[in-house]
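Annotated features in TrEMBL:
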DOMAIN    6-208  domain 'Phosphoribosyltransferase'
BINDING   Arg79, Arg104, Asp131, Pro132, Met133, Leu134, Ala135, Thr136, Gly137, Gly138, Ser139, Asp200  5-phospho-alpha-D-ribose 1-diphosphate binding site
BINDING   Ile194, Gly199, Asp200, Ala201  uracil binding site
Amino acid sequence: MGKFQVMDHPLIQHKLTMIRNKDCGTKDFRQIVNEIATLMAFEVSRDMPLEDVDVQTPVAVAHAKQISGKKVAVVPILRAGIGMVDGILDLIPAAKVGHIGMYRDEETLEPHEYFVKLPSDIEQRQVFVVDPMLATGGSAIMAMDALKKRGASNIKFVCLVSAPEGVKALQDAHPDVDIYTAALDDHLNEDGYIIPGLGDAGDRLFGTK
Ligand code: PRP
Ligand code: URA
């Protein structure tokens, strides 16, 4: 089974509380989502492999380290995942960005895929799939299916708020995928919203309704 980690760092928890607040407007919501994504990227990238390298400092040669091996692809699930991309790129600027378009039917809660564009060497990359919300898990599961169909195998899922139902569904469908979340909330309501959650992440990020 992949890792399941709730990121309890005080800065992440404080910022998450700010965006849960219904009075947090679009501008602040967007900025804080990116800030949380940056803080999460720090931990999500913890197991990146290092290699030895010698570097000439102004006074001597230092036996130092640099990141080696697999390169990174950040893959947001549209739309709301876009809100986390810049925050991750702040830490990993050389990452390539793929996109997976997915919307949830509001009646059935079933996900529908409408767009997939990935780096051509996706199978050689460490993939960070980002989406603020893991509710029923349907969208994340379908995104993993789309990635694996195209050769990706090294995948981590990074979200802000998750529901127990979605975590279990994603773990059952893709036990190899590590899940990182800023909060594990209580449950889903009958409309598929996470309770207490933060509402509709896409609408809050982009100011739509
Ligand atoms: C939201 C959210 C996730 C999905 C989670 O997207 O950003 O992608 O719902 O729900 P699930 O776990 O039950 O699948 P939505 O479908 O509202 O699309 P949007 O990002 O375009 O608003
Ligand atoms: N998608 C959202 O944006 N919010 C939820 O609470 C559930 C799914």
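Using the three backbone atoms N, Cα and C, a Cβ is placed for every residue, glycine included.
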Neighbour-count leader, CB within 10 A, binding-site residues: Gly137, Gly199: Gly137
Integer Cα-Cα distance in angstrom, Ser139 (5-phospho-alpha-D-ribose 1-diphosphate binding site) to Ile194 (uracil binding site): 14
Confidence summary (mean pLDDT) of the domain 'Phosphoribosyltransferase' (6-208): 96
Site diameter for 5-phospho-alpha-D-ribose 1-diphosphate, Å, by largest Cα distance between Arg79, Arg104, Asp131, Pro132, Met133, Leu134, Ala135, Thr136, Gly137, Gly138, Ser139, Asp200: 17
Binding-site residues near ligand 1 among Ala135, Gly137, Ile194, Gly199 (Cβ under 6 Å): Ala135, Gly137
Pairwise CA distance, Asp200 (uracil binding site) versus Gly137 (5-phospho-alpha-D-ribose 1-diphosphate binding site), rounded so that it is a whole Å: 15
Nonlocal residues around Ile194 (uracil binding site), in sequence order (Cβ under 8 Å, 6 or more apart): Met133, Ala135, Val161, Ser162, Ala163, Asp185, His187, Leu188
Collapsed DSSP category at Ala201 (uracil binding site): helix
Spatial separation of Gly137 (5-phospho-alpha-D-ribose 1-diphosphate binding site) from Gly199 (uracil binding site) - C-alpha basis, Å: 16
